[in-house]
Amino acid sequence: GLWGLYKGMGAPLAGVTPIMAMTFFGFSLGKKLQQTHPQEKLRAHQVFIAGGLSGLCTAIIVVPAERIKCLLQAQANSAQKRFSGPVDCARQLFQEMGLRSLYRGTVLTLLRDIPATGVYFMSYELMKEKMTPHGGRVSDLSVARILLAGGVAGICNWIVAIPMDVLKSRFQTAPESRYRRVADVFREVLRDEGPRGLYKGFTAAMLRAFPANAACFLGFEVSMKFLNWLFPDG
């Protein structure tokens, strides 16, 4: 039924606030580390680096959250129900192999998130620049243009992320003994499904990417304007 579309949403829902907070914190930190003064405008490759740092910062929360989500989604198609929910899943994983089990797939998550998040923020900033009228300010862009920039950034992010996301999901849901190394899952996908196997779920990801990330960046921009109004000297 309809509930099947939301299988495994408990873990990402619980983690979405700290993940997004860490994402934008990491991006802000990455920019500050490269700026000589607060108003310095960064080049595209510097924005990419700042975004990559953001992807690195979020891994500590993203990896266990997605490990739990993937396992719950995988068992939805199985006759045997091993986990009753996200908390039970986390408890069982920890009891079996400790933190190591919760953080299974960390390398693949980093290989996905560092470049993808770099492209995410770089494409967003470039889109905002392109849509800013000559002599205007980026901060004065309309809601429609912010939504467009955020949506395009989401699509760019997932174009880069999908191959590693496919490998990560398969690695995280497989039995511990199935893959000895990260490269094993890559070879298996290419052997069984060819290069197209790396883009499984592409259409679904694209349908989600635009509206979800358009809303995300609009929320961020509105929040920043509100905080700047509330704390003008902050």
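Placement of Cβ uses the backbone N, Cα and C atoms for every residue, glycine included.
Given the ranges 12-30, 107-125, 202-220, the record in TrEMBL names 12-30 as transmembrane segment. When DSSP labels each residue, the repeat 'Solcar' (42-130) comes out as 73 helix, 0 strand, 16 coil, counted as helix, strand and coil in that order.
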